[in-house]
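K.L.:
One structure follows; several queries about it will come next.
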Amino acid sequence: MLVAPSILSADFGNLQRDIEIICKNCDLVHIDVMDGHFVPNLTIGPIVIESVAKVATKPLDIHLMVQNNSFFVDLFAKYKPKYISFHIEEEKHANSLVQKIRNYGISPAIVLNPHTNIDSIKYLIEYIDMVLVMSVNPGFGGQRFIPNTIDKIKELKDLIERINPQCLIEVDGGVNNQNVEELKKAGVDIVVAGSYVFSGNYNQKIESLKV
Ligand code: DX5
Ligand code: ZN
């Protein structure tokens, strides 16, 4: 299992320190961008991402929770993240946005809210490198994992195997050492974890998710 700590739960007064610590052990640095419109929270913008990009020694995984995806893709491309993911619920022109991300040399990924059917991305899977399955409602860290996410992941895994076996599955929300094994069995490649990692010893927490 690859581990992407969500810096939403980091200590923002000591952000450089926290990023240096997690980068000793993690695989990706997950950055939650919220615009106060698509979700009722306002988080990280270009100034903070620029600073994070300078300090991080692992690739950036930018998760957009915004209304105007294309604008934010243009804004963040220069920080050369490994992934930019956008919510399918908020994008009318998903195919062209995927191409735009790809043309920047960034891996395109699509996010599904807990209620969103996997059929909504059936004709996009062949063009993307990752599907991010939300296992909580987007907007805040520290929520409880929604159990039926497991069934959804299994269905998604079947679809991906048929259409684009290279495409990875990432899960975000309520992940901890109690559910990571089940996620692995269901077909997950990358877990995002915020509140679990940034409480206690960060590196021991990351280690406990590498099942
Ligand atoms: C929620 C964010 C998550 C969040 C996860 O909208 O996308 O990345 O930080 O936090 P935990 O792991 O605490 O659920
Ligand atoms: Zn996220």
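Keep in mind that glycine also has a Cβ here, set from the backbone N, Cα and C atoms.
In case it helps, TrEMBL gives these features for our protein:
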type     : residues                                                      : note
BINDING  : S6, H63, G139, F140, G141, G142, D172, G173, G174, G194, S195 : substrate binding site
BINDING  : H30, D32, H63, D172                                           : divalent metal cation binding site
ACT_SITE : D32                                                           : active site, proton acceptor
ACT_SITE : D172                                                          : active site, proton donor
K.L.:
Mind running the binding-site residues G139, G141, G174, S195 against ligand 2 and keeping the ones whose CB falls under 6 Å of it?
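P.N.:
So the answer is none.
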K.L.:
So the record assigns S6, H63, G139, F140, G141, G142, D172, G173, G174, G194, S195 to substrate. If I measure every Cα pair among those residues, what is the longest distance in angstrom, as a whole number?
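P.N.:
The two farthest binding residues have Cα atoms 17 Å apart.
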K.L.:
Would you mind reading off the Cα separation of S195 (substrate binding site) from H30 (divalent metal cation binding site), to the nearest angstrom?
P.N.:
13
K.L.:
Name the secondary structure element type, per DSSP in three states, that contains H63 (divalent metal cation binding site).
P.N.:
strand
K.L.:
Taking the mean position of the Cβ atoms of S6, H63, G139, F140, G141, G142, D172, G173, G174, G194, S195 as the substrate site, which residues outside that list, in the same chain, have a Cβ no more than 8 Å away, listed in sequence order?
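P.N.:
Surrounding the site, in chain order, are L8, S9, D32, V136, Q143, V192.
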K.L.:
Which binding-site residues are spatial neighbours of D32 (divalent metal cation binding site) here, meaning Cα within 10 Å, out of S6, G139, G174?
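P.N.:
Close binding-site residues: S6, G139.
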K.L.:
Using the alpha carbons only, what distance in Å do you get between H30 (divalent metal cation binding site) and G174 (substrate binding site) once rounded?
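P.N.:
H30 (divalent metal cation binding site) and G174 (substrate binding site) have their Cα atoms 14 Å apart.
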